[in-house]
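Structure first, then comments.
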């Protein structure tokens with residue numbers, strides 16, 4: 001049963017049953033779609049572009065950062081899964097956060113999670129501009145972003161099944177290319193070819209490259225710690241499994257499978273791909289102005305492969321921005337169904353698409369794309385947006401872990417087919433880890449501004465919440 005708790009709900013409209021009983025989103029996604037959408041949403045710019053910044057900070061020690069982050073992701077995914085599978089009425093992160101932490105938290109998390117995906121999409125659109133410039137350096141990033149946004153609007157206004165099939169196709173392309181990249185890199189590592197480097201002269205493809213250029217920790221522990229922001233940005237979005245499960249035909253079974261399998265698969269792809277890059281080329285040869293995958297093939301003298309990889313990372317960004325657009329519309333829709341947001345966002349088309357939520361998010365994307373005028377350096381703009389995204393996701397992930405702690409306290413005997421390992425120690429360690437990364441974001445001069453923007457966002461939301469409360473636009477909760 002949902003916890004009614006103490007508090008209030010925004011009185012935009014009266015509820016008329018649980019989400020399961022209401023007419024709403026269509027259930028057109030299969031387990032195959034669910035796995036690929038979540039995997040595809042997480043394999044994007046964080047790996048294909050953001051990893052270049054992480055490598056610059058940490059060098060080869062970035063591999064350890066990916067392992068640690070993979071374990072962290074697995075644990076909080078298990079926490080989320082245990083809650084979702086304990087009660088079929090939980091359809092979103094906001095649902096269970098509101099049930100266990102109260103409506104103030106639900107309001108903060110719902111809108112912050114929406115902002116997470118808005119900024120994630122803007123990072124992807126910025127990356128698309130960078131990738132396009134590989135072939136057409138004269139085309140402004142804004143133009144590339146607008147074309148991509150227009151294409152994705154058409155896709156998302158189609159039926160959900162079309163979205164699922166397209167996203168699955170995007171994900172398959174990304175996965176195949178990563179697998180082929182890793183396989184090709186392994187072959188080169190065994191053959192030990194040499195090539196001419198501008199910085200280091202003659203370079204041999206070898207595992208020794210992991211330690212030959214300043215050691216495994218070339219920038220010390222400080223560089224290693226600073227890399228976690230961009231590493232976690234790469235995993236951002238993995239929790240959307242809980243968002244898409246409501247549109248699958250057998251959500252409980254599919255959700256359990258996805259949560260158990262996805263973190264390990266992501267870690268394999270991230271760790272394997274980054275390890276191959278560092279074996280192919282010295283870590284300090286990698287440019288931040290293009291994908292490290294493209295840089296690797298250019299440096300070893302295979303420009304044709306670099307072009308193919310650049311096309312693939314372009315597809316990857318389209319895929320991830322597609323997932324972001326999907327997510328923002330569903331978050332606003334769910335917020336309206338839970339009386340947190342105006343009923344305007346509750347509209348669903350005959351095709352089962354939350355069109356008002358979708359078009360509103362697209363309008364915000366359009367405004368965000370204008371940031372290209374304010375920060376013409378696409379690489380710098382990407383770093384700013386990525387760090388804002390990480391701040392927002394850290395808050396949402398922390399809310400998930402806190403909700404799990406409250407859930408276990410309130411319902412110690414709740415039945416769920418998933419369990420959080422090492423509860424409650426793992427919860428406490430996760431919260432400490434998230435707080436530490438937030439502090440690192442503030443300490444780092446290049447990400448401090450983004451951290452302050454995140455803090456300002458939370459302050460504004462709290463003020464808005466209190467203003468609405470005082471205007472008495474509220475009612476007692478009627479979740480079912």
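Along the chain as shown, the residues are counted starting at 1.
Quick reminder: no glycine exception, Cβ is built from N, Cα and C everywhere.
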12-31, 32-51 - the range that TrEMBL marks as transmembrane segment: 32-51
Mean of the pLDDT scores, which run from 0 to 100, over the domain 'Amino acid permease/ SLC12A' (34-475): 84
Chain residues outside the transmembrane segment (57-77) and at least six past its termini with a C-beta under 8 angstroms from it: 51, 210-211, 213-219, 223-224, 226-228, 230-232, 234-235, 238-239, 241, 259, 262-264, 266-267, 270-271, 274-275, 278, 283-284, 397, 400-401, 420-421, 426, 430, 433
Paired segments the transmembrane segment (381-402) and the transmembrane segment (296-318) in contact, 3+ CB pairs under 8 A: no
